[in-house]
Amino acid sequence: MKKELVFIIDFGGQYSQLIARRVRENNVYCEIIPYSTSIEKIKEKNPKGIIFSGGPNSVYGENSPRISKEIFEIDVPVLGICYGQQLASFILGGKVESAKVREYGKTAVNLDNKCALFEGIDKVQECWMSHTDYVSEIPSGFNIVAYTDGCKVAAMANEDKKIYGVQFHPEVEHTPFGKKMLKNFLFNICELKGDWSVTSFAEEKIKEIRELVGDKKVICALSGGVDSSVAAVIVHKAIGDQLTCIFVDHGLLRKDEGDQVESIFKEKFQMNLIRVNAQDRFLGKLKGVTEPERKRKIIGEEFIRVFEEEANKLGKIDYLVQGTIYPDVVESGTDTSATIKSHHNVGGLPEDIEFELIEPLRELFKDEVRRVGEELGIPHKLVWRQPFPGPGLGIRVLGEVTEEKLEIVREADAIFREEIANAGLDEKIWQYFACLPNIRSVGVMGDERTYSHTIGLRAVNSSDGMTSDWAKIPYEVLDKVSIRIVNEVKGVNRIVYDITSKPPSTIEWE
């Protein structure tokens with residue numbers, strides 16, 4: 001069955017993937033496409049709705065992202081968000097100006113709830129604004145359907161042509177009515193049915209991989225984390241023994257993790273699994289390296305090189321499976337947004353890679369990946385395993401990575417995870433881990449002065465990895481963790497707890 005499709009046209013907005021997630025929550029399939037996509041290609045896919053993302057540019061900028069006016073002539077409902085509204089107004093003959101004072105943060109907005117976009121929503125609401133430019137004059141055929149004290153065109157609509165624009169961000173949690181507004185756009189305006197689900201996604205992906213691969217051989221970059229595990233199971237269901245899973249034990253894993261991975265995939269899933277012990281090789285390459293981006297690149301490149309060597313032993317291999325997911329992609333930047341940090345799944349690949357990539361989860365958020373995993377029958381414990389970056393403890397040891405430092409952070413992390421589980425918080429907190437900042441401090445232990453390592457504890461709550469809040473762990477739990485680490489882990493005399501959210505911080509320290 002052909003699924004309904006909504007296109008999100010990306011103009012460089014930091015929330016483009018979040019818009020996609022909000023659409024998917026309504027069981028509507030969507031794809032994010034660059035603003036440079038031709039109108040012909042858009043028409044070919046027959047979308048039922050189009051959403052313009054926000055973006056950091058001004059419509060008057062020399063190199064600002066644009067789109068052809070034809071997009072409004074293909075008889076498909078359009079919703080422009082922030083820069084998307086400004087661009088729609090600009091293209092259709094309205095005026096956009098730069099404000100004297102930037103409007104940023106929570107703002108009261110007055111809505112015309114006779115407009116289909118705001119149907120069933122109370123007239124006075126709170127929304128999230130983040131803009132400098134604004135629509136000062138709407139195009140012919142449009143009406144103003146929302147305003148704030150600082151923005152006279154907080155939303156505009158041409159209901160006959162089903163073209164809408166909002167200056168605020170309906171996709172973020174800070175706009176409480178945003179989900180209802182997007183639902184109105186999808187179901188009342190675009191008249192969608194909501195026929196997409198993770199079950200249908202998995203079925204289609206298995207079929208797609210089977211057709212793509214044919215009788216060729218595939219290897220999978222298996223780490224034992226949720227993403228690579230679900231990716232491996234999807235591909236295994238598609239092609240069976242044509243898949244060989246290569247588990248590179250780079251010595252940067254959590255305590256006992258290597259043995260657990262080997263046991264689960266060999267015994268539970270009966271997969272072809274090769275475990276490669278490459279700790280000395282990775283630590284050798286990382287010796288003396290302190291810059292985080294360089295560490296990521298080294299780990300990513302060495303990871304692939306190990307794969308190439310194993311592939312040569314197996315004969316002709318055509319495809320490599322990776323567990324890349326949406327937040328991996330957005331954190332590595334796009335054509336229209338600045339790079340935050342290169343992600344191990346997308347930024348560390350050498351240019352001369354010898355395999356074609358299969359990334360079955362590239363379009364999914366973490367919560368969707370977990371749901372797919374459960375649909376595929378992967379054990380609950382594995383599906384809800386803590387997110388763990390590909391570079392592993394290599395980026396949780398800040399500065400140079402050594403065997404001694406790895407052992408310290410590995411033991412501290414195991415204690416932290418154990419106490420979180422003992423407190424019944426292991427499935428209530430989205431992600432939690434210990435890291436080793438490149439800091440030593442003075443302490444007193446056994447009446448003697450010490451000058452030892454500091455351990456940083458990080459725990460956050462999130463549903464998709466795009467944004468997160470620091471977790472409010474009970475003091476008594478933190479106290480127990482601190483006492484145990486200082487007493488049980490040699491070389492540590494101080495524990496700190498990270499209380500910053502994302503943004504401004506990323507979840508990992510490096």
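Placed from the backbone N, Cα and C atoms, the Cβ positions cover glycine too.
Copied over from Swiss-Prot:
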ACT_SITE  C82  active site, nucleophile
ACT_SITE  H169  active site
ACT_SITE  E171  active site
BINDING   S223, G224, G225, V226, D227, S228, S229  ATP binding site
DOMAIN    5-195  domain 'Glutamine amidotransferase type-1'
DOMAIN    196-385  domain 'GMPS ATP-PPase'
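Highest local Cβ density among the recorded positions H169, G224, S228, S229 belongs to S229, counted as other Cβ atoms within 10 Å over all protein chains shown.
Cα distances from E171 (active site) to the recorded positions C82, G225, S229 are smallest for C82. The Cβ of D227 (ATP binding site) lies under 8 Å from the Cβ of G323, T324, I325, L361, K366, V369, each on the same chain and at least six residues away in sequence.
In this view, the densest Cβ surroundings among the recorded positions E171, S223, G225, V226 belong to E171, judged by other Cβ atoms lying within 10 Å. Excluding S223, G224, G225, V226, D227, S228, S229 themselves, the residues of that chain whose CB lies within 8 A of the CB mean position for the ATP site are, in sequence, L222, V230, A231, A232, G323, R385, F388. In sequence order, G13, S53, G54, G55, S130, H131, V166, Q167, F168, H169 make up the list of same-chain residues 6 or more apart from C82 (active site, nucleophile) whose Cβ falls under 8 Å from its Cβ. In the three-state DSSP scheme, H169 (active site) falls into the coil class.
The average pLDDT computed over the domain 'Glutamine amidotransferase type-1' (5-195) stands at 93.
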